[in-house]
Amino acid sequence: KDISWGGQFPAPTVREKNSGSKCVISMHSGTTTTIQDPKNPEHVKTFTFDLAYWSHSGFQMDKDGVFISADPSGKFAGQRDVFRDLGGGILDSAWQGYNATLLAYGQTGSGKSYSMIGFGANKGLIPSVCEELFQAIENRERNQEYQVTFSMLEIYNEQVRDLLSRTKKPGGLKVREDQQLGFYVDGLKSVPCENYAQIERLMEQGTRLRTTASTNMNASSSRSHMVITIQFKQVFLDRELTKQSSINLVDLAGSERQKSSGSEGDRLREGSRVNLSLTNLGNVISALADAAMGKRVLHVPYRDSVLTKLLQSALGGNSRTTLIAAISPADICYEETLSTLRYAERAKKIRNKAVVNTSTLMRESRTENNKLLLGCGNSSMAGQPAYLLAEHGLGPHADPMSWAHQLEQARKEWQQQYVAIARERQMTETLPHLLNVNEDPQLTGVLKYFIQPGSCDAGQATSNAITLHGLGISEKHASFTNLDGKVTVTPHSKCKVVVNGVPITTATKLQHLDRIILGSNSAYLYIGFPSERGSEDLSRFDYDFFQLERAAAEGVSVDKLGAVNSGDGKADPSVLAVFQDYIKLMPLVAEANQMSEELGKGLKMELKVKNLALSDSRGYDLQKEVRVPLWVWIWSKAKFINRKFLMEELYQRFLDGEDSHVAQEDDPFWDPLEVIHLGSAHIWLQSLAYCMKLEEQVEFLNCDGLEEAVLHIHISPCSPTGQACGEEDVVIDPLELLGKRMDFQIRIVRCLGAKWLKEDAERGVQIGYRIYDLPNTLYTKPVWKTVNPQIEETVQFTALNASQEFLNYLQTNALVVDLWGLQEGCAELSCCEPDLMITGEGHIMVDTKKISTSTSNQISELYLKLLKLEQETELLRNINRALREENVLLKASLEKTGSSQQGERLLESWWFTARDINQVCSQQASYDREFAKALKVFYQSMNMARGQFLRLRLYKPPEDDQMLRPFVHQQSQMLKDFGDLLESSLWKLKNDVALIVKKKRECLLRVE
């Protein structure tokens, strides 16, 4: 087969480490990969590929900075191991005259770019393949000529950009089709290369242009595809034969699924066409895999995206293709990792039929080659083989003779570049400068902005000494002054400048390694004078460092989110993950706000953590989630990211001078008005398990743990007809209710002091709740334009046959009641009635797990009643049987006495004993009622204590040190009140129980 597949398993990212994630991947051989479901550890899946590389652990750094295995017998695979297996195969194919393609697929941060490009001393596949190619050329025979050209392009949002050309073409380069060549990029620049050093320079140049384009378009590099093509031609002069190989090295965009990073639940389309191109790639792979399995495939959708057009030959044609599936080891990435493994497994089935690309050498071309070689007698190339390009570009009208002229022109351009590189190196060693810091480590440190002596302006205007691009950067944004060995930065007007996380408005002196953010999110590291520099590790000042510093300056930290569990002192992984999401979204929100401002949308966004101080029905903290509230909407993380891409498209049209007006329904900055979740209240149901009435006023707490309103609610046990139960119906043990019918009513009385209604008199509220196994949430009718809305809605619920699970639920759970804010024009909340089961009296049924939903509600109720009657009949039969046996024994006793008088005395004695027993039973019931009353009072006290405890948990110390003393005093008072309440409740319960026990003993003594 001509397609092979390997899995690259990198070390965990900073986000994965900081999130406290666990490893769910294992590799027990060089070909198998096993993934474990973190939610169900027994559920594992194993995938088999041609190669599987473990690079998660077991490594160390050698003296050259290269990662190697810490144990010679360990399973760690470094970059050299990957190149030996994959890079060697690509080069072998190229020497034989086959086309070769290497694709890197996987989610952002999984190690795609590291595998392809590398980092520092750990070179990736692309530089290693190029370097090895030229080394092999040096050792080949002299009667052969070798022609090598290099091209580099980027596909973003279905547009092709030439990364070796400084000329930006509106709409990007066009992809055209030729009958012989297939799809090709018209006008793509291909540069002849004579050695590996030139390849390095071209990659640096391409990366610089990619960084600049990323900044200008405000687009993350992880959302674009990068394609490097090396055309390698061997000319055999003695045989008048050529071999041509096209080596395509493709770093695909991050493969995040739509659910986690896109438009799930959004009314607008997918925000970035990058996901579209990857989806189309998956469709092509699926079609080709089906064809390889012998299935009938009518159409392979190559034409559906730019990416699949250019990869047509690599995927289903004349190429030997290798795919690297880069996966994350972290449990928080389980779904993405599993999706990647399945993607690769499907692609593994494809079969290509690669052929050797040979042709006869034209005599005219040979003559031109010789002329060029003879003309270089005085140059450094004399006596060396020529590395030439056969054609300029891949178009059908390319001149087959132009390669010689290109080489000559390229040498002149290389000489100019060498002079510029030497000048930049000298300035780097002598002048202070700014280094760009990008979210993509591959693009960090690529751009340098030198601060010359004197004063220089920085901004978008081309007349500035330092020309910068990016969101929120003005024409003249700031001034840098280099005088007397000191550098200062001064913002212009109200332009945004942040130094070390703190916004500045006046001239500020810069120190070596200061962090500077200009505009919304253009980050730079300041490199001071040579005398200030040392042997610092600049890599620690990465993109995350800037954002963490910025967040800390704004008062956002892990501690604020409550990441540390007060019980064991360990960090909560879920909170750490939310904090990482918060840090990731911070710059995106800043960019979105800047676009909103420049486009005149008037929309201000901010970040909030959903469920920061909320808990579920058992009192456990709810899963925290980052959200983006926008006055009248609340967007999820996924929805915001999708909208951000749509905003970027609109903003780019604005920058390009095109019409940026869109209809309201297509505007990414707009949404229809929606219902807002204001807060939740918890009403514990323990008293209901003892058939006791509960009346409470409970606080609605918002996501920050602050009071939003107060709920007045009644929960009462009742009869099937709705009559309230009395104290005589109270039970001592909830097990007494097992298998019996339970009826209770939930009455929402009113909502007091709603802040939502105080802020705007035209607003309204609705209240919703769902109890136990109820399939849908029940909502009250909306109430508008009143601060203390009177609700007065009662719903009766029925458990026809109370189960053990339902009784346990009542004893351990709370009813969570949600408060929703309504805005004029938004849709009101409603319950789906058909999903509810209703009794004959019209009550809503709960605890219905044992009831078959295939029959009607009334049949289910009748069946349960019949079953209950049968049970009661059987009980009566048992009692009757026991009474008959007792009667037989009594008759036998009378016969033994021998006289009727003795029998009468025996009956009389028996009658008095029964009377005493009845009296004892009556008094026993009275004691049970008194005990139930005592328990009721105790449970009410405990509810009050629980409320005080929750308030203590949410009571955070102030940031102002001056307020610390009053805080400590108030907290001490709250602790004292809490302790007094507990002590008094326990003391009263103890006295009440002691009194009941005393009366019971006295009664028993009287009977005896």
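If you go along the chain as it appears here, the first residue is 1 and each next one adds 1.
Glycine is no exception: its Cβ is also placed from the backbone N, Cα and C atoms.
All TrEMBL annotations are machine predictions without curation.
Taken from TrEMBL, the feature ATP binding site covers Gly106, Gln107, Thr108, Gly109, Ser110, Gly111, Lys112, Ser113. What TrEMBL lists as domain 'Kinesin motor' is 1-350.
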Which one of these binding-site residues, Thr108, Ser110, Ser113, has the sparsest Cβ neighbourhood, judged by other Cβ atoms within 10 angstroms?
-> Thr108
For Gly111 (ATP binding site), just count the other CB atoms lying within 10 A of its CB, please.
-> 22
So for Gln107 (ATP binding site), how many other CB atoms are inside 10 Å of its CB?
-> 24
If you count Cβ atoms within 10 Å of each one, which of the binding-site residues Gly106, Gly109 comes out on top?
-> Gly106
Mean of pLDDT values spanning the domain 'Kinesin motor' (1-350) | 83
Among all the protein chains here, how many other CB atoms are within 10 A of the CB of Lys112 (ATP binding site)?
-> 28
